[in-house]
Every structure is written in C-alpha cells, then in structure tokens.
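Peer 1: So Swiss-Prot lists the following for this protein:
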type	residues	note
BINDING	17-24, 81-85, 135-138	GTP binding site
DOMAIN	8-283	domain 'tr-type G'
Amino acid sequence: MPRQHAIEDYRNFGIMAHIDAGKTTTTERILYYTGKSHKIGETHEGAATMDWMAQEQERGITITSAATTAFWNGKRLNIIDTPGHVDFTIEVERSLRVLDGAVCVLDSNQGVEPQTETVWRQGDKYKVPRIVFCNKMDKTGADFYKCLADIVDRLGARPVAVQLPIGAESAFKGMVDLVRMKALVWNIDSAGAMYDIEEIPADLADKAREYREKLVEAAVELDDNAMAAYLDGTEPDEATLKNLIRKGVITGAFYPVLCGTAFKNKGVQPLLDAVVDFLPSPLDVPAIKGTDDKGNEILRHADDKEPMSLLAFKIMDDPFVGTITFCRIYSGILQSGTGVVNSTREKKERIGRMLLMHANNREDIKEAYAGDIVALAGLKEARTGDTLCDPAHPVILEKMEFPDPVIEIAIEPKSKADQEKLGVALAKLAAEDPSFRVSTDQESGQTILKGMGELHLDIKVDILRRTYKVDANIGAPQVAFRERVTKRVEHSYTHKKQTGGTGQFAAVTLIVEPSEPGKGYEFESKIVGGAVPKEYIPGVEKGIESVLGSGVVAGFPVVDVKVQLIDGKFHDVDSSALAFEIATRACFREALQKGKSVLLEPIMKVEVVTPEDYTGSVIGDLNSRRGQIQGQDMRGNANVINAMVPLMNMFGYVNNLRSMSQGRATFTMQFDHYAEAPANVSAEVQKKFA
C-alpha cells in the first residue's frame, strides 16, 4: 500500500513543560480539535485521554509518554506526551531523542519554572526546535510579557512573540495574530470551536505594531533578499514571513511565543496552525548518525528508499497485547511479518502486530514508513535505546545515555507466590525504564530497587501492587553512596598456596590513583617483557572488578579510579588466571585502604519556591540539613531559594516543607554530583553498613 501522507507533511513533536503548567490539558485539547478524541478529558478530574495509567490519574501528573497520531490541515501529527515531574526527566530525554520539534508550555502566571529549565536544557542537548505556548492566560496574575522576559533571563533564549493577548485573567478573550495583523476573538457559546477574525482593537494597535516590527526584524535577519527588501521599505508577505519564522525555529535562531488557555478552549487551533507552519518535518532535521558493523559512521536519511532502521524509545506492558515497543522509523519501510535484526544486541526478531496508537486505543496497520512512530507487539529482546534494522544493512543508531540511580529501597515479598510474581514484574519494569534498576544484595539476599527519586520509586511500588498484585514489605529509602581513593599508591601482593600436587602462585604490583570525577573505572596494563603473561591479564581485570562493587570503607561501589598493572611474577606450573584474580583482589583491597578511600554521598540541587513569610524558616531548615544556599531571587511575589543538599538529609522533606509553609511552598530536586561525606557522616554510615 503506498504512503498516505508525504513525509514533508509529518510533524513529530512533543509537549514539554513544568508539572502543572497545563501540558496534558493542552494535549487533550489538541486531540479534541483534531477530531481524535470525542470528549475532553480533564486532568484535575483524573480522566485525561493521555494519562492512562491509574497512578497518573490519581496523582494528576503524566508519567508515561504515550504516542498519539492525529491530523490537522492535511498534516499528520505524531504527538508524544512527556512527563513534567523532575523524577521522570529520563522519559522526557527519551521522547526528545525521537522528536523533530516540541511545544514548550508555560504557566503564564508562573513564567519559567525549575522543571521548565531542566526540560529546556534537555531540548538544547538534542537540538530540538521549539515553539512556546503561554498557557493559563485566564488565571489571576497571568502575564504574557513577564513570560517573554523569563525566557531571556532564565533560559538564555531569544523569544519572538507571534501573538499578543487581548485582555488577561478573567477578561482574556483572544489574541492578536502578528503574522496576519488580525485579532482572533473567541465566541463564548461554542466551547472554543469558533472564533472570529476581527480588526485589532484600537487600544492594542501601537503595541501590535511594535511587536510586529520585532517579529519581522528577527525573521528578515535570516534571509539577505528579505533583509534588503525590508530596508527598502517592503515587508515580507504572509507566506514569506511564515517561511522565515519556520527557518528561525529550525535553525534555533529564535523561539516563536503564542498564548492562550487550553482549559478554557482559547488559542488551541492557532497553536496547531503554528505546529504545522513552524515546526520541522523529518526532512528538515539532519539525518540520524549511526555506525555500521565495522564501526564506520553512516547516515540514515528520512527516505522510504533507504534501508529500514528504527529506534526503540519506550517499552510498555499492555494488558491486552503484551509487551509493546514504541519505535521511531528513521528510514525505509517496515512491514508486519518482516524479519529484523536488533543490531544493539545482535539478536534476530520478527515483527508481529504493528499498531498506531491513539492515547489508549489502537489501530492495526500492515506497513509503516520513514517518519512514522509505531508500536510493535511481541518483540522479545528489544530494550529502550535499541536499534532494529534490515538484516542486509546493519546499523546501530546513536545511543541514548541514562543517568545512574541515586536512591534505593529494599523490597521483600510476603509469600512464595508474591516472590514469583515479583520476579516477573521487576523484569518488565526494568525493561520499560532504564533509569530503574534491580539488584540483589549479596549478603542479605534482599531485592534492591534503585531509582531517580522518592516519587520514582513510590510509583514503581504502586505499579507492583496494582498492576502485578504483588504484596510486599518495603524498606526505608537508602542513599546510593559511593567510595573513592584519594591518593596515589603503589602496592604489591603475592598469593601463594601449596597443598600437595599443583599449588597456586601469582604476584602483582598495582598503581591505584583517583581519576577525574565522572571518569568511572580505567584499567591499563603496563607489563613489558612478560612479567605477567598475556593470558593472565583478564584474571587481573576480573580481580579488580570483583572489588569495585564493594569498597573498603562501607562496602559501596568504588568510582573514579585508575588502576595500572606495572609488574608481577608467575610460576610455569602453579600460576593460572584464577591465581592472578585472587592476588589482584587482595592487592587492590589493600591499595584502596592505603590510598585513603573516602565515602562519597549524592548531593542534590534543590530549588524551593516559597512565599516571603517563610523564607527564614526554609533557609534555617535547609542549613540544618547540611544544605549550602547557592542564592535567592524573587519570582513574582515568591522567593526562590537554590541550595545544594545531601540526599541523605532530604528524605521526607516534602511533608516538612508542607507543614512549615502551610502547604504554600513547593520544591524540586535533582541529582547534581557526588561529594566527600564529612567524617561524622562517614563514621555513622560505616557503623550501619560495614
């Protein structure tokens, strides 16, 4: 079957925002006006079409990025809903990775909030073209012009208004379209479906001219001919201006800013027009880079004629279909029943059912093309970030990077039946979410869950209980400490064991030293002249790696260490890889002690937004948690306090802050770096764990 929509008519985009900026409501309205959703789901009633997991409906925050296909003005929109809570930024990164553009939703009353900065930085990292929608213009305190200033001050970006609000707060009734120089005024009776195009109100005429001039000047900077014509007094016509704005968005020269209120159904259709007019198609963004099976860099262009390649960006467990893998097709054509190769894992797979997803109903399809976002049922091996491709033309597309978890909890199933269910459930959850890890504590035998924050783990436990019906006891959250050596040492160790017949013999000399933070573990063999035969070097590495997981201070993983094997001795008969592994293990442990190993603790970047009355209490409380205040500024009438605080002192902070500020202060927290723990903390941790 031939392609139904030309690839230049595709818009693969996401909606990104701070929690509560109205992102899910905006997505809902888009689905409603594009005819895919028959009734509007309200987030605060827990019924939004996109928020389809029970946990999301209760909390009113979006957790999983559902992918939905809709149509507007003959263009095909593939919308990825992204979570706005800081514990789920991994989901945001994952969806930004496969998008061509994004709509950044701001709360007009709050402007740029902490999580907006986080998702904006992630958008910068993946060079995602963006437009900005100032939502909630009907709210008390809504201020479109403050949002423009915030984008400059807090995001360091260049906003260009393409609309101006008509009225604000309860008097907000529409906007001035600066491209057409007309007023769009919403009809009160039509639930937002109808608006009138009118002349610009007289009291806004001067402001409209001023902002129109700024818009045109930003646009003509991108084209010499348009600039020359403009300097001669000729403004670009509507089609040229739209093309120039589109060019500005795609090159990242500026970010068009629109306004509206999704909840009150004003401004959604012009936002859809802007998505179509200004955001890129798959042809407007650079071809994706990959490597072939020989390690050479190759490109895959958005073209049906190129070999098929797709990237798995989300794995979900569906009660009706089983495991669903969401994929972005970067090149070629994919047919159901085709054999593909998972080049990341070197495994063969067969494509079973192919589905197009609307928030949570599905349509079976037989063929999908470059630019499509599809859900594949029945893949057994695929994990998030894997490449699937044509077996005749193998390629591994750019990999996604996932941060290490910083918080962990122990979980104990209550019965044998729960134990079995838990194993299956955890394997599925870990496959769905790469920032969630599962391990077994070697000494206690407990199952340990690791995640990005308290909320992240709360939700995983909730899913275990609800979806998988696992009854379990949950331990108190524990901090993921690390250990690191602080000085360079050279150390030798000889392992000798003689018990009749063949003995064991190996001697090694290691240099152990700290490497740069974030460098991880590095090993280098400096052996010359065969002091340690080549075949025993893997035994040496194995010995080091067996200690890395459990250091000498309190048994935590050792990070940022460089180990060099510089000398050794062996015996023709008694030496073996195992003997060298045993010798190295003992040598490395002693070297870590000699090298003054210290305990590292995760330090979180905390931002508290509080009414001024509570500032003193908040700062005093953060100081008592060993926090270091980095700075304060005003945001509207609230005080914003930035601090670096050890994670171990932040447990239960949400309840403390709530009671301290009568529920009026909010905070966000994300991992920033590891730092050496003070001696008293280290001693306390050693007592508990060593």
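Keep in mind that glycine also has a Cβ here, set from the backbone N, Cα and C atoms.
Just so it is clear, the model here is predicted, and its values are computed rather than measured.
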Peer 1: Would you mind checking how many other C-beta atoms are within 10 angstroms of the C-beta on T82 (GTP binding site)?
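Peer 2: The answer is 27 other Cβ atoms.
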Peer 1: Under 8 Å Cβ-Cβ from M137 (GTP binding site), six or more apart in the same chain: what's there?
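Peer 2: The list for M137 (GTP binding site) reads S108, F144, P165, A168, E169, F172, C259, G260, T261, K266, G267, given in order along the sequence.
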Peer 1: For A17 (GTP binding site), what is the tally of other C-beta atoms lying within 10 angstroms of its C-beta?
Peer 2: 27
